[in-house]
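Colleague: I'd like to ask you about the structure that follows.
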């Protein structure tokens, strides 16, 4: 596993030699520099591709320039040497992006009725071919193949999303689509060994239960209509990822750990929603909907029928108040902090500590701002709790 270590202190304690410390520091620095260079390169490729498509605004011109840049990039990559390989990668990807992106814009504009299936099938073909080439020993132009694989997967998922929108499909079909997209992105991240793609897979996975985010002017919004069910969903994913990380190779374990951390982040965001608003379990999924009563009469009659059905649903539904949610969330965070610290799972530990601070900050303004006795009770209770965790850790470590 990856671990944070003070190399100077390790040398002082004679755990490692000064030469080993310098090697560790050099590798860490090289990894950060490579990440920075790739981030700038990818941004430049995406910006140039989109800029060319909308600046030229002509299918023929985009196709010609894209083809020329793709050919030039492949010519540079075919030559030996690494000095100009970055320019070859950039040229090839900008050219390929112009051909694919330009074709996408043109197809949506001229033949939207067939665009969804065209994108889904073309994306699957591009992704499948690139995945096969990347699976070969020491594939050439690996950077280009990886980028095209990601492009193909994006095109494939986008095609199915367009089909769902055109058919106006919701409910179970939409949830299955999001789960399919999550699995596909996770497999793509693992195949390319890019943990960022694995992390992105949590977005469609959360959207299967309509958990998501939004943006308005100067306002970022996170919403979770079913916080309890979403927390259970993320909890199952966390448990599965932790087990997978323990029983797989280090490469697979890295992806499992990043997925577990992101799932824990989403679960805590859902818990934040629950601690502020409470939750009526299932209201959004199988509870009454206002539009189900469209035939009840005029608008007033429709609202009256909806309120009656909603009140009847509330009477038999399981309801968790915001106060209970706040307490359960605090207990869960304490348990996760201790467990993650004991198992040396730094990602989950840092996330739990962060949300513990967020929870305390939120509840200070929402509940306990003018209740000093609550801080006395909480503070005094924390002391024996810390002692108990310390003693429990000693016993567990002794075993």
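Cβ coordinates come from backbone N, Cα and C, glycine included.
Per TrEMBL, the features are:
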| type | residues | note |
| --- | --- | --- |
| TRANSMEM | 32-54 | transmembrane segment |
| TRANSMEM | 60-78 | transmembrane segment |
| TRANSMEM | 90-108 | transmembrane segment |
| TRANSMEM | 114-134 | transmembrane segment |
| TRANSMEM | 141-163 | transmembrane segment |
| TRANSMEM | 169-187 | transmembrane segment |
| TRANSMEM | 199-223 | transmembrane segment |
| TRANSMEM | 229-246 | transmembrane segment |
| TRANSMEM | 258-278 | transmembrane segment |
| TRANSMEM | 324-341 | transmembrane segment |
| TRANSMEM | 348-366 | transmembrane segment |
| TRANSMEM | 372-390 | transmembrane segment |
Colleague: Taking 90-108, 169-187, 372-390 as candidates, which has the most Cβ pairs under 8 Å with the transmembrane segment (141-163)?
Modeller: 90-108
Colleague: Can you find at least 3 Cβ pairs under 8 Å between the transmembrane segment (348-366) and the transmembrane segment (324-341), where each pair is 6 or more residues apart in sequence?
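Modeller: By the criterion, they touch.
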Colleague: Near the transmembrane segment (372-390), which residues from the same chain, at least 6 beyond its ends, have a CB less than 8 A from one of its CBs?
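Modeller: Distant Cβ neighbours of the transmembrane segment (372-390) are 334, 338.
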Colleague: Determine which recorded stretch among 90-108, 114-134, 258-278, 324-341 has the most C-beta pairs below 8 angstroms with the transmembrane segment (32-54).
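Modeller: Maximum Cβ contact count belongs to 90-108.
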